[in-house]
Each structure stands twice: as C-alpha cells, then as structure tokens.
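These notes are about the structure you will find just below.
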C-alpha cells in the first residue's frame, strides 16, 4: 500500500474536481479529500470552544409549518390573485392556476425544501456541495433576495403609517381637506378622498422620478420602525423568529374570517362575487392568461429566494418533506381563493354604494333640468334611456354601472391603500375595520419578510468568515444597510422606485435562479440520486409525476416564463404611473434612461455571479476563495447518491458493507470494530478502507478514522493518496 502523505492542499473550491479521476498508472488515484466537521444540532445547543457552531433546528413541527405558511402566504394572495382572477376570466382563471400549481409550483417546491433538508445547509452551501462550479447560484439568489428585501419592507412601512392613522375618528381618508375658503381642495375633489390621502398625504408624491423631492420624515421614521422590528425578530435566526410566526401566520386567517362574516352580510356582496367568479372560458385561449397563472404560482411560493432551502435545512433528516410540500401548496391555493372571496365581497358593497351615489347625483341633475319629476323614482331608467350621448355630456351625467365600478378594482398598493380603504369608510365603525385590515397586512408582510431575510442570512452564515461573527451583529449590519439604502423609497418618488424594483430586480433574476436550481439538481446532481434521497428521508419514492415534471415540464415552463418576461420587457416600453396634481390623476411616463441603466444593472447583478463563478472555478483562476462548504465530503452526510464518487472499487461488495449513509439517513457508520485483521489482509486496499483501518504509526503519522460518536469533530485536512 502506498504511504499516506499529509499535504497542505489549497482550499480554492476545487477539491471535488479530482474525485472522478482514475488511476494515474503508478498505483495511486490522485484523490484529494476535504473533510468538514458536522453541523447538526437543535436550537438549544451551545457552541463548544474549539468546535464549529452546531446547526439550529425547529423546536417543533408546528413551528416549521407556520413559518413556511407565513412565508409562502403573503401580500400577493391578498392584492394580486383577486385582480388576476378578475382580469383573466373570473372563475375560469382557476383552471390554469391549478394546472400551473401542479406542474410547476409543487415540483419546484419539493426540490428546494428537499435539498435543504438533505444537505442541512443554506443556499450557498447546497450548490457548492453539489459542485463548486455551481456556487454562483447561491450568490445570485442572495443578491436578488437583498433587492426584494429592500423594497418589501417599504410596504410594511406604509402599512405602519396607515395603521397609526386608523386610530383616528373619523378616518383621515374619509373626507377631503378644506382650503382657506371652506371648500374642498381642488386636487382632492378631482380624484377621491382615498386617492388624495395616498398620493398627497402619505407619499407626498413627486411629479416624476427626475424630480424626487426631499426625504419625507414621517416615512423615514416608519421605515426605521419597520427595520427595527424586523431586526429583533430575526436577530437570533429561528430562535427568535420561530416564536413570532405563531402570530404572523395565524392572525391573518382570523381577520379574513371576520371580514368574510361581515362581508357576505353587506348589500352588494353577491354582485361582487358573481362578477369575479363568473367564468369566461374564452379567456383560456389567450396565452397571457396561462403565463399570468404560471407567474403567480412561481412568486406566491417564494421560489428561488433561498428561504425554502433554509427552512428545510433546519428540519430533522427523517422529516416527511413531501407531505409538507403538499400541505403548504394546498393551504396556499385555498388561502388565495378564500382571500379573493373576502376582497370582492367588500368591493361589491363599495361598488353598490358608489352606484347609489351616482344615481342620486344624476337624479338631482335630471330634476333640475325638469327631465324627471321630483318624486318620480321609478322613471329614472326611462329618462336616462331617452338621452343621447351629446345630451349626457352637456348635462354632465355619469355612467352608473355596477360592472364598471367592479372593473376598476386595482391590484397591489392601489387595492390596499385606495380601493379597499374606500370600502372600509362605508362600513359602520370604520376605524375598527381599518385597524383589523392593516394589522392583517402587517402580519402578512412581516411573515414574508422574515422568510426572505432568513434565506439571505442563512446563506451568509454558510461563509466561514461570517460564521465566526455573532448572528445579532451580522443581522444588525444587514438591517442597517437596508435601512440606509431604503432612503430612496422615502422620497417623493418612493412609490415609483418601488415599482421599478418590483418590475426588474425580482423578476428575471429569480426565474433564472430557479431554472438553474432545477438543472443543477435534476441533471447534475441527478434525478435518480435526488429520488433516492427523498426515499431515504421520507420512505416515499417519487414516481412518474415527479420525474416528468422535474425533468421536462418544469424546465419548459420556467423557460417560457423567462423568455416571455424578456420579450415583454423589450417590446413594451416600461412605464410607471406618476401622480399629476393638476389633473388629480395618474399619468403614465417612461422611465428615464439613467433609471433603466440602474434596472439593467440590478438584473445583471442577480444573474452574472452564476457564469462568473463557473468560469473562475472551472479554469481555477480563483486564488482567494471563501470557505463555503467547498463541495466537500462530510462524514455523516454522505449517502448512496455520492457513494459512487467516493469509492468506485467496492461495487461488488454486499449492500450492508457499502452503506455509508450515516446515522443522518438511517445508515450505519463503520468503525474500527467492523473490520477484522484477517479481512483486512484478504481484501484489496480501497480508499474507504484506508480511511477506516487503524494503523500503527509514528508520532509524525496521522490516522484518518470515522468517529464512533456524533459529537466528535475534526478539522479540515487534505490527504494525497
């Protein structure tokens, strides 16, 4: 047997490269092995001096489930899904939504959650472990997550501002302010009370992005409050955030149920629900409807942020992640539909009230022009039908249509801060309902923000240098940095910047990352290996549905989303809605060239790390590389999926002797007692036997043994066999 020689191998992230090399011809294999200490523990664990800190774990199944529900079920379920249903065929939209949920969302969900649980690492560590050349996926995911975290917390900031104002009676957006002469401000009169309060009082909106105006101190204070709260929630990882999810995950369902009971008893609720869910099957022939469904499923699950990988990494190795994926997927879809019912029941009431006001206003005009009797309430429809378009314009009569009112339902911030607030004003005891509504939005926003930051921080803590710093300090620096950068959203153009970030920073980058994740797991790590990992962890072997969606259908859908996003971005000139104070309305403006340059830079920043890391590591030109679990072989983490890479000479051995999966997945860790001297003399020496065989050495020799206790840790060493 060749002598074992200790060398100081460079740790540049290329240690996996020689593993597949064959014999050189001199009796040696030229294999470099890097061994890392295990990371496995519970939340209650403590750091032992001289050892690596152990990995945290969920304190219970309910904590994990509520955390992932709070992350997946977010603001998009409230203000995005109802709008898409309304615009894309009503109830017919549920068909493409469910199809995309089954073919795209659930398979991708299992990939991220399963890999996190299998590797017990964050996004950066997972992709470096699969192959060092793929390390850029984790970096890209972290950068895109940072962009999203920046603007997502601004929404929480606006919710705080509205929540504080909800304790006033009457609500400040229930009426227009008066000018010096005792009349309503012209700007408010031209728009509406809620629109004026949003654009003028809350945002003090600038006329364009080129004229942002100064910082709005009330927004800065609310932003500071939101980042401070987020810091205290996530400063200790799941040790602190795991306790908050019991509120952020459950409270929105309580509020939705209260609004549901109140909403269905309101006048016009049935009309709102009929308008939303009446199926328009012809809409299914439009490709954009299917694209909207695929995009909604992708973003509603929060894929590619690295958060699902982080959540999975805190699970026990034997956790049934397949069951978790199915439960969360069903809960996500049901919540979106349930929220849509609540939203449109309330909006139906608001539309009915607006129609009644419109009819009353038209009736007064008709009576003044003697076209209708003073007490003739039955002849309104007949009088309106006798007037032509010219007369309607001359008399300044409005179109009082329930369908028209319901068609004006907005999405995003427009739905939450303009349309729904107007509906709340009409409810008896409006401040109570306003407090409930904005507390619900706050819970949904915080739940998603916790998950977003947890994914990013878990990725950072995979880096050895950062791992040595206390979590509180790293979290504080990240939150402070985000708060300072967030000043851009506190100007008069803050909403315009948020829409730009939402349109560019978190779209193409996330889709590319998700596509590369699927390629990495299914085609590089291997779908057979991943299937075997799922079987070892859960006892369930994924069948044809999973194989077809992982290998063919899922990647095709991701490519379609990516291509269509790029095409629409190029064909459609990107615009944003700027507030025109003179007209009291929104007007569309094109982004300035310098803003589009920033948008392009953000897209490139989220995509380029993947090819850059691939090229630098493939050509081994990365001289200084952070120790981010460099594709190393970890003693308790090796399964049958990587066994072939370790030892190609033991294929003929019996299954039990080849089982090196370790206790993490129910396998047996071989120790010195598993080998007899006779067996060692009879069998040809293999690399694994060299690692396990006790040898008599001098004081200068080193023995590489598999420890019998999980508490044993050892430093990284490189051996040239």
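Please read every residue number as a count from 1 along the shown chain.
Glycine is no exception: its Cβ is also placed from the backbone N, Cα and C atoms.
According to TrEMBL, the feature transmembrane segment maps to residues 548-571, out of the candidate ranges 548-571, 620-643, 644-667, 668-691. As annotated in TrEMBL, transmembrane segment covers the listed stretch 432-453 rather than the other ranges in 410-431, 432-453. Per TrEMBL, the stretch carrying the note transmembrane segment among 279-296, 297-314, 351-368 is 297-314.
For the ranges 5-36, 133-164, the feature annotated in TrEMBL as transmembrane segment maps to 133-164.
Of all the binding-site residues listed (332, 444), 444 sits in the most crowded Cβ setting, with the most other Cβ atoms within 10 Å. Counting Cβ pairs under 8 Å to the transmembrane segment (64-81), the stretch among 133-164, 297-314, 474-498, 504-527 with the most such contacts is 297-314. For the transmembrane segment (93-113), the neighbouring stretch richest in Cβ pairs under 8 Å, chosen from 133-164, 217-238, 250-277, 326-347, 591-616, is 326-347. Residue 300 (Na(+) binding site) counts 23 other C-beta atoms within 10 Å of its own C-beta, drawing on all protein chains shown. Taking every recorded stretch in 133-164, 250-277, 326-347, 432-453, 474-498 and counting its Cβ pairs under 8 Å to the transmembrane segment (504-527), the highest total belongs to 133-164.
For residue 70 (Na(+) binding site), the Cβ neighbour count at a 10 Å cut-off comes to 27, with all displayed protein chains included. Counted over residue pairs separated by six or more positions, the transmembrane segment (326-347) shares at least 3 Cβ pairs under 8 angstroms with the transmembrane segment (250-277), which defines the two as touching. If you look at the transmembrane segment (474-498) against the transmembrane segment (250-277), you find fewer than three C-beta pairs under 8 angstroms, all six or more positions apart, and that falls short of contact.
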